[in-house]
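J.: To start, I am sharing the structure in question, which I have written as C-alpha cells.
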Protein chains: 2
Amino acid sequence: MASPLNHTSTTGEEMAELGKHDCVERLQWVLNTPKPPGLSQELIGTAVSWRKKVPFLNKQSGLKNGLFSMLKATFPILSWCQNYKANQFKNDLLAALTLASLCIPQDPMANTVVYTKLVLTVTFFAGTFQAAFGLFRSGFLVDFLSHAAIVGFMAGTAIVIGLQQLTGLLGITHFTNNTDVISVLKALWSSFHHPWNPYNFILGCSFLIFILITRFLGKKNRKLFWLPAIAPLVSVVLATLIVFLTKADEHGVKIVKHIKGGLNPSSVHQLQFNGPHVGEVAKIGLIVAIIALTEAIAVGRSFAAVKGYHLDGNKEMVAMGFMNIIGSFTSCYVATGSFSRTALNFSAGCETVISNVVMAITMFISLELFTKLLYYTPVAILASIILSALPGLIDVNEAYNIWKVDKLDFLASIGAFLGVMFATVEIGLLVAVTISFAKIILVSIRPGTETLGRIPGSDMFGDVNQYPMAVKTPGVLIMRLKSALLCFANANFVRKRIMKWVIEEEKGSKVGNAEKTIQIVILDISNLMDIDTSGIASMDELQKNLDSNGIKLAIANPRWQVIDKLKLANFVPKIGGRVFLSIGGAMASFSI
Amino acid sequence: MASPLNHTSTTGEEMAELGKHDCVERLQWVLNTPKPPGLSQELIGTAVSWRKKVPFLNKQSGLKNGLFSMLKATFPILSWCQNYKANQFKNDLLAALTLASLCIPQDPMANTVVYTKLVLTVTFFAGTFQAAFGLFRSGFLVDFLSHAAIVGFMAGTAIVIGLQQLTGLLGITHFTNNTDVISVLKALWSSFHHPWNPYNFILGCSFLIFILITRFLGKKNRKLFWLPAIAPLVSVVLATLIVFLTKADEHGVKIVKHIKGGLNPSSVHQLQFNGPHVGEVAKIGLIVAIIALTEAIAVGRSFAAVKGYHLDGNKEMVAMGFMNIIGSFTSCYVATGSFSRTALNFSAGCETVISNVVMAITMFISLELFTKLLYYTPVAILASIILSALPGLIDVNEAYNIWKVDKLDFLASIGAFLGVMFATVEIGLLVAVTISFAKIILVSIRPGTETLGRIPGSDMFGDVNQYPMAVKTPGVLIMRLKSALLCFANANFVRKRIMKWVIEEEKGSKVGNAEKTIQIVILDISNLMDIDTSGIASMDELQKNLDSNGIKLAIANPRWQVIDKLKLANFVPKIGGRVFLSIGGAMASFSI
C-alpha cells in the first residue's frame, strides 16, 4: 500500500509490537472469513426454534417425555399444577371471590334459531383461526404494541369504561353502544333530561366510598390487607340483601334480573358446516378472530406490563382459540379479553390462574344455589366495583417518564390514548402501532452518518459530536454509517450524504490550511449487518466519485455478511484491497 | 469496581500506559457527553435541507442570484443550455431522428364534448398534484424501487411490449387492451384464426433484420457508428415510399392513416372548475397522478440504472406535473413515461435532452409538410423499430450477478418480472417493493446477536464465527446486538435471546470446567443508534434476570442518543455504573 501522507504514527508501530501476529496477517483475516449462513438458513431459523420448543420432534428426548413437555408448553396449566404453593392460594381465593361477584351472566338475548346457529358457527371458526395463529407461532405480533402505547391505551380505556359505568351508577336504561367519549357524554347528557332515580346513585356511591376507604386502610396498615380484598364481595352481598329486604327494586333501583341458573346447554348440534354460506361464515370468523385477538392481547399485555411479566403471544392465541371452540359447543358467543374484569382481578391482587378456577367454582355454586337471590343484586353496585378499580390504571407518572426519555414514544402513547377516547379501541391501537413503526422505517430509510476522531490516549475512534475531545487527523475523513442495512431504500441517500460531507470538509480545509485537503476517506461500516445489490452499486459509485476527486476510499471493520457480499460482487479489488479490521489498522497502513 | 475474577491482564496495564489520560477519566467521557439533538431537530432536518436547495430563502446569497439558482434547480434546462457541447449534438440529432420516426400522433378518438372536457380537467388536476408532490420534495419515494426490482421490471416489460408489437408486425386489427402475457397470447392465438395478411409480416421482418444487421455492423466497426443510428429513420422513409409507390395499402398492408396536421388547438376554455363534479374530478386526478408517476418513474429509473446516472425524483415529479398542466391547455390527455420510446431513444444513443428538442422540431416540420406522406407509413415498420430495441433490456447477466450476491434481491427481481408479465405493471412494482421492505422489517424485528472474542494481537473484539481465531475469555460472555434500534418490536426478542445464550454458555461451562461459570456479561451496544422506553424496560429486566443468577451486566461503547436516554431513565446506577468506552476498557476494569 502506498503511503499518501508524510506522517509517521506511533500508534501504528505500537500496534505492530503489541501482538505476536503480524499486522499483515491480521488484515488477511478480514478477507478470509468462513462463509456466513445463507438466506435459507436464516429463514428456517424460526422453524428451528419452534422445533426446539416442541421437543418430541427432537430425536434426543424420549417420545413420552417429549409429548408431556409439548403438552406443558401448549397448555401451561399442566406445569402450574406442579408448582402451585399454598400461600399463593390465599390471594387467589380473595381475588376469585371479588371477581365472582361481578361475573353474573348477562341477560340472554332473544334470537331467532337461524341467527343463533350462524353466530355459533362463526364462534367455532374464529376459535379455529385463533388456535391456528398460535400453533403457527404468529404470537410475535404481540410485541408490536410498545410499552408507551400500552400506557396510553390503558389510560384511555379506563376513562371510557369509567364513563360507561356511570349508566349503571345512575340507573339509566337507554344508552349508546359506541365506546368513544363524545358518544358516551352525549348519551349521558340526554339521559339527564329523562327522569332518573337517585336511589341507584346513592346506593352505588356509598359502596364505592366504602371500597375506596377499605383500600386506603389496606395500604396504610399492612395487617389489614384482607380488608380491600373482601370489600367488593361484602358490598355485593350487603347491597343485594338491602334491596331484597327493602324491596327497593319496586322504588326504582335497577337490579340484574333474569338470571338463568345452571350450566350452559350443549350446542354442538347447532354448528353448521354445510350449506351455501359456509365460505362467508368462515370469512366473518377470520375477521372476528383478528379483532377479538387484538383486543384480548392489548388487554393482556397492558396488565402484563404493569405486573412486569411477559405474555407469550402463541399461548395466548391457542388459549383464546380453544376457549372459543369449546364456547361454540356450549352456547357461548365469541369471547375476547375483558378490560374491566381484568382490571378488577388485578386490583384484587390475584396471584396465579388458580384464582380463575376458584372463581369458576364459586360461580357454579352461586348459580346453582343462589339464583333467586342474585336476581336482586343492584346494577349500581356492580358499576361501583368496576369504577373502584379504574384510577390505578391511569399512570400519569409513567407518561411523564416516557415524555422525558423518548418524545416519539410519548407521541405513540398520546395517539393510543386519544384514539381509544375519541374513536374505537382498534383505531387507538392502529394509531400507536403506526407511529411506532414510522420511526423504524424513518431510521432505516434516512440513516445518519457521523465523522469520527481518535479518542485521546486510546486506539478508539468516536463521534466528534459525542466526544468533543476526539481528535480529527488532517487529510483523513473518517465516517461511520448509522444504519444496520445499506439497501435500496437508503443507499442513494447515504452516498449523497457522504459526498456532501467530503465536499464540505474540502471547502473547510481550503479556507484553513491549503495543504491539508482530504486524501483518504475511511468508511467504518462496523454497524452494517447486511448490504444488498443496490447498496453495493452505490458503494461502487461512491468509490468512482471519490476517485475522480483524487481521494482514496478505505473500509474498516466490515461484518460477516457484508464482506462476503463485497467479495462476491468483486468490490474489494476496486478499492485496491483497502479493507481493514479497524480504523486504527487503516490509519497504520497509510502510515498516518 | 470489584474484581470478580482473579486474573490480571497485560492488556489492561498496557492500555493504562498507552495514553496520557487516565483510564478513569476516559470512563467519565462516556457518561458526560453533550446533549444529543432532540426529536424536533431531527424532524426539521428535511426542511432545512430543502431550504438549502432553494437558495433565495438563504439570506447570505443575493435575491437575484438566488432566484436564478432556484429556477435552475427546478427547471434544469437552464443549466443544460450553459454546458451543452457541440459534439454531444451529433448523437442527440441521430437519436432524435430515430425517435421522430416513431412519434407519429395516434388517431384522435371520437369523444363527446362533455367527456373531453372532463378528461382535460382530470389532466389538469393530475398535473397539479404531480407538481405539488415534487415541490414538497416527496421524490425520495423514487428510491424505493431497488436495483434488483428494476432489472426484473425491465425484462418483464420488454417481453410484454414485444408481444404487443406482434399485432403491428402481423397486421392484426382486433386486440386486447390487457398487458399481461396470458391475455396477449390468447388474443394473438385467436387472431391467427381470422384471415391475416402476410405482406405486413414480410415488410416488418425485412426491415427488422435490416436494423439488426446495421446494429451488428456498428458494433463490429467503430467507424460505422452512424449506421445503426440512422437505420430506423431510413426504414420508415423507405417503407413509406414503398407503400406509397406500390399502393400496398390496397393489398392489405396496414398503414397509420388519419394524421391530423399542424399543432394542437388550445383547450384552456374547456377546463371546468365549477359545477357539481369538481371534487370527484379532483379525486380521479389524484389517483391518475399517482399511477402515471409510478409508471413514469419506474421507466425513468430503469434506464437511469442502466446508464449509471441518477434520477432526481423531485425534478421528475415537477416536470411530469408541468407537462400535464400545459398538456391540459393544449388538448392533450394525461401523459406518462413511455417504456418503448425511452428504450428506443436509449438504443439510438441519445446523449442529452437536446435530442428531445430536435425531435420536437423534426415532428413539427414533418407534421406541417409531410402530413400527406406520413399517411402511408406502414404500422409494421413502427413495430419492427420498437422490437429491435427490446432485446438489450433483458439483462440475464445482471440477474445472475444478483442471484450470486443476494438471494432476497433476486426474489424481488423475479417478483417484479413475473408480476409485470402475468398481471400489471403496478402489481409487478408492488410485489418488488413488498419483498424489498419485508427484509428491512424482518431485520428490524428479529435482529441477531453474536458472541465476541478477542482477536489475537489486538485490542479488538470480533464475532467468533466470523473470526474463528478470536479467543473467548473464560467466565465472561461478550455479546453484541445486530440491530440499529432496540425498540418495542424487538426488545423482548433480544432479551430472551441474550438470556438463552447465557443459559447455554453456563450449561456448556458446567460440563467442561466447573469453576468457570459466567460471572460477567458485557453487552457491546456500539451498533445501537437509538433505544425507546420498551427497549430500556427490557434492558432493565435483563439486568434483573442476570442479577438473580449472580451475573454482572456491563455495557460497552454506547452511542450518543442511547447513553443519554439510559441516563435519563436512571439505568446507569442500576448496573452499578458499569458503562465503558470499549470492551477492552470493561475487561480492564474487571482486571481480567
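The backbone N, Cα and C atoms fix where each Cβ goes, glycine too.
Features from TrEMBL:
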DOMAIN    B:486-590  domain 'STAS'
TRANSMEM  B:118-136  transmembrane segment
TRANSMEM  B:148-176  transmembrane segment
TRANSMEM  B:196-217  transmembrane segment
TRANSMEM  B:224-245  transmembrane segment
TRANSMEM  B:284-306  transmembrane segment
TRANSMEM  B:318-340  transmembrane segment
TRANSMEM  B:346-366  transmembrane segment
TRANSMEM  B:373-394  transmembrane segment
TRANSMEM  B:414-438  transmembrane segment
J.: Would you report the average pLDDT that the model assigns to the domain 'STAS' (B:486-590)?
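T.: The predicted confidence over the domain 'STAS' (B:486-590), as a mean pLDDT, is 85.
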J.: Among B:224-245, B:284-306, B:414-438, which stretch has the most Cβ pairs under 8 Å to the transmembrane segment (B:148-176)?
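T.: Answer, by Cβ pair count: B:414-438.
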J.: Apart from its near flanks, which chain residues at least 6 from the ends of the transmembrane segment (B:373-394) lie with a Cβ under 8 angstroms of it?
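T.: Distant Cβ neighbours of the transmembrane segment (B:373-394) are 98, 101-102, 104, 154-155, 157-159, 161-162, 165-169, 171, 200-201, 203-205, 207-208, 211-212, 215, 232, 235-236, 239-240, 243-244, 248-249, 253-259, 302, 340, 343-344, 346-348, 366-367.
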J.: Six or more residues beyond either end and a Cβ under 8 Å away: which residues meet both conditions relative to the transmembrane segment (B:196-217)?
T.: 168-172, 224, 227-228, 231-232, 235, 238-239, 242, 248, 251-254, 378-381, 383-385, 387-388
J.: Can you count helix, strand and coil residues in the domain 'STAS' (B:486-590) using DSSP?
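T.: The domain 'STAS' (B:486-590) comes out at 57 helix, 15 strand, 33 coil.
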J.: Can you name the far-off residues of the same chain, 6+ from the ends of the transmembrane segment (B:414-438), with a Cβ under 8 Å from a Cβ of it?
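T.: Non-local partners: 144-146, 148-153, 155-157, 159-160, 179-182, 291, 294-295, 298, 408.
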